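Annotated features in Swiss-Prot:
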type: SIGNAL; residues: 1-20; note: signal peptide
type: REPEAT; residues: 25-60; note: repeat 'TNFR-Cys 1'
type: REPEAT; residues: 104-144; note: repeat 'TNFR-Cys 3'
type: REPEAT; residues: 145-187; note: repeat 'TNFR-Cys 4'
type: CARBOHYD; residues: Asn153; note: N-linked glycosylation site
type: CARBOHYD; residues: Asn180; note: N-linked glycosylation site
type: REGION; residues: 223-277; note: region 'Disordered'
type: COMPBIAS; residues: 264-277; note: compositional bias 'Basic and acidic residues'
Amino acid sequence: MVRLPLQCVLWGCLLTAVHPEPPTACREKQYLINSQCCSLCQPGQKLVSDCTEFTETECLPCGESEFLDTWNRETHCHQHKYCDPNLGLRVQQKGTSETDTICTCEEGWHCTSEACESCVLHRSCSPGFGVKQIATGVSDTICEPCPVGFFSNVSSAFEKCHPWTSCETKDLVVQQAGTNKTDVVCGPQDRLRALVVIPIIFGILFAILLVLVFIKKVAKKPTNKAPHPKQEPQEINFPDDLPGSNTAAPVQETLHGCQPVTQEDGKESRISVQERQ
């Protein structure tokens, strides 16, 4: 009765030795297949055949432009990424059998996504705005308006707002105030004084010229002439005893406007009102 349990234990050990239990888990960098724990292929290699009771896992290196970046049991390697220049892409880091190619954007462009499958141009900050944050390969330009005391007169994706020039530090005076798009204009104090005095001098000279022209015009204006003195008519007497003298009525000769005028005797000598004046 005592020997039976002992025999059962012996038979159980024998059967276990002949038919071992399949493992339920494998170690790191191994995989379970056909009740066997086979080694994974290292990065840069692909699986050709699984291991057996008598052979190890068979792996081969990836081909040109291919890669595998982890311990694996893949039968095919992955193709390297293509950086399409038509999309603004260029190779930042060439791929190997263990790493993929890394693409980035051309200068002045940035990726539209984390995968960087295409690019767009950086934004430029217009005049009056400066660059707060310069664009990177994966982010766009960030602009900000120039505050008081600063300006930007260009459209740029790199220029920040510049401070106004300090005229005082150069012993100059401000001739024109700055804006968010223009710098302060400085100049010497003598020039500023001249800019004030010269227009005043020109104004005075212009006023004098106007007065002289007015006086000249007044001097040329004709004055009223004094009236000619009224001349009394002169009587011309002819002797009666001259031969061939005419016995007709005597004729008087007067002056009309300094010209002799014949007046018959016996008629009154009258001068028109207009002639008297």
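Residue positions begin at 1 at the first shown residue.
Glycine too: its Cβ is placed from the backbone N, Cα and C atoms.
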Taking a Cβ cut-off under 8 Å, which residues six or more beyond the ends of the repeat 'TNFR-Cys 1' (25-60) line up next to it in the same chain?
67-77, 96-98
Taking just the CA atoms, what is the gap between Asn180 (N-linked glycosylation site) and Asn153 (N-linked glycosylation site) in Å?
8
If you count Cβ atoms within 10 Å of the Cβ of Asn180 (N-linked glycosylation site), leaving out that atom itself, what do you get?
18
List the helix, strand and coil residue totals of the repeat 'TNFR-Cys 4' (145-187) as derived from DSSP.
3 helix, 13 strand, 27 coil
Under 8 Å Cβ to Cβ from Asn153 (N-linked glycosylation site), same chain, six or more residues apart: give me those in sequence order, or none if nothing qualifies.
Pro127, Lys181, Thr182, Asp183
